[in-house]
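Some notes on the structure that comes next.
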Amino acid sequence: MSWFTRKDKGINTPTEAKREAPDGLWYQCPSCKKVMHTREHRILAYTCSNCGYHEKIGSQEYFELLFDQTRYTELDALMSSGDPLNFVDTKNYPDRLKATEKKTGLKDAVRTAYGKMNELDITVAAMDFNFIGGSMGSVVGEKIARAIDHSLETKSPFLMISRSGGARMMEAGYSLMQMAKTSARLALLDEAGIPYVSLLTDPTTGGVTASYAMLGDFNIAEPGALIGFAGPRVIRETIGKDLPKGFQSAEFVLEHGFLDFIVDRKDLKDKLTSLFKMLS
Ligand SMILES: [Zn+2]
């Protein structure tokens, strides 16, 4: 039967075309492979209805989930990075920034905003991993510092949503300075008695873990998030030993006392509201 034999040799289907579902209508969970409607997925705060897998989302989705009627005012929306070191790797840094801006529609790896969450005034900074791996450069540090200033001025609680590969190598030392800058600002928030909650999402690593992400009055995480300083491969090679099962998952980190609790994203808004009310 010629219907079932491939007569033409060398037919290659590009990976995008191999998907079982077209983009935009159906979502397939990468963990349990269940297929669901994108609308249902969105209603479930981008978690799987079957296994609870938390899809990685960006600042836009978090703002939509948290702010009442998706109403918020963005701070420093147009701030973008310079090139203090004239850095060149496979391309020069300004070209990389321009290409990333065009691809993601973002100006840098964090967006900051204020508005109401269940009628409570809050200031939120949420990171975008799509922008150069959510790396922390001068703009990320400066925007977070200014968002904290906004919290101080308005006496509104501060929420940081981290998702980052760590420091931005194209800014080298300038990137590391952001750790000190943001930490110092958070100390002011602490002195003023304004609550700060840090939410760690998948993944939170490097200089971000070593500064603002771990300085919350409460450090909380999404289920299954990878949380660490150096990645598992680097650690394995350094200590020359196999790592325990589930190493660096939010659940592992919680068990070892680095987190206060893990929150399902569907409950995030209400849990944060009660937490902030309790702390205020
Ligand atoms: Zn699933």
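Placement of Cβ uses the backbone N, Cα and C atoms for every residue, glycine included.
Any TrEMBL annotation is an automated prediction that lacks curation.
Annotation comment: TrEMBL describes Cys29, Cys32, Cys48, Cys51 as Zn(2+) binding site. According to TrEMBL, the feature domain 'CoA carboxyltransferase N-terminal' maps to 25-280. Taken from TrEMBL, the feature zinc finger covers 29-51.
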Would you please pick out, from the binding-site residues Cys48, Cys51, the one with the fewest other Cβ atoms within 10 Å of its Cβ?
-> Cys51
Within the same chain, and leaving aside Cys29, Cys32, Cys48, Cys51, name every residue whose CB is within 8 angstroms of the centroid of the CB atoms belonging to the recorded Zn(2+) site, in sequence order.
-> Pro30, Ser31, Lys33, Lys34, Ser49, Asn50, Gly52, Tyr53
Mean per-residue pLDDT computed across the domain 'CoA carboxyltransferase N-terminal' (25-280) = 96
